[in-house]
Amino acid sequence: MDKKRIIVGISGASGMPLALELLRQLQGRREQIETHLLYTDGAVQTLRKETGQKPEQLEKMADYVHDNHNIGAAPASGSFRTDGMIVVPCSMKTVAGIVSGYSDDLLLRAADVTLKECRRLVLVTRECPLSSIHLRNMYELSRMGAVILPPVLSFYNHPDSLDCCVKHITGKILDLFGLEGEDYHRWEGMDEDFCM
Ligand SMILES: Cc1cc2nc3c(=O)[nH]c(=O)nc-3n(C[C@H](O)[C@H](O)[C@H](O)COP(=O)(O)O)c2cc1C
């Protein structure tokens, strides 16, 4: 069986634990999935601020790492076949770059290619609150075929830690690639007792 090939882009929005958890879960399925990691300069800053980690620690979790300034790397071309791309977390600057086709780094180019090849593009967009510019850009991207998956809290699964919340979002991302997330609790319907 051929491996799935997934591009993971990390940009400088808040939410580095989401990127780390996604990479960890993908790494645990190396026999099934090949990962290609790209990260922006902004991501390096946010990673340090939020987790105290260096990019080398991210890099160890991926099969291939591409320099975000190398616009000639494999993910820059549509002939490099992939099963899609996840940008997690996805900053509003990166959203703006993708929606306008302004592909001046590898992450933006790879997202542009993913859209033009009609492949799965999942954007874990993060900002709070959202301005009209952010909302308009995300709406346009959704119309273009991207999946907008902001890391929104869920309470029906009774999370008792931040780790539960991170795993829930990770499960939602993986679900879009036909993969089952670890400790991902699906909604199984409401008990009849709850219904009025
Ligand atoms: C600690 C920290 C947290 C940030 N959080 C966000 C965020 O949640 N959303 C966002 O759009 N930008 C956020 N930013 C700003 C982006 O990092 C900045 O706009 C950067 O230029 C994005 O570039 P990139 O998309 O190429 O990584 C944050 C910056 C820092 C330092």
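Backbone N, Cα and C define each Cβ position, glycine as well.
Binding site for FMN per TrEMBL: Gly12, Ala13, Ser14, Thr40, Ser91, Met92, Lys93, Thr94, plus Arg126 from the candidate set Arg109, Arg119, Arg120, Arg126. A sphere of 10 angstroms centred on the C-beta of Ser91 (FMN binding site) encloses 22 other C-beta atoms.
Taking Arg126, Tyr156, Lys172 as the candidate binding-site residues, the subset whose CB lies under 6 angstroms from any atom of ligand 1 consists of Arg126. Within 10 Å of the C-beta of Arg126 (FMN binding site) there are 20 other C-beta atoms, taking all protein chains into account. Taking the centre of the Cβ atoms of Gly12, Ala13, Ser14, Thr40, Ser91, Met92, Lys93, Thr94, Arg126 as the FMN site, the nearby residues of that chain (Cβ within 8 Å, site residues left out) are Ser11, Gly42, Ala43, Thr46, Pro89, Cys90, Val95, Glu127. The Cβ of Tyr156 (dimethylallyl phosphate binding site) has 9 neighbouring Cβ atoms from other residues within 10 Å, across all protein chains displayed.
Each of the binding-site residues Lys93, Lys172 was scored by how many other Cβ atoms lie within 10 Å of its Cβ, and the smallest score goes to Lys93.
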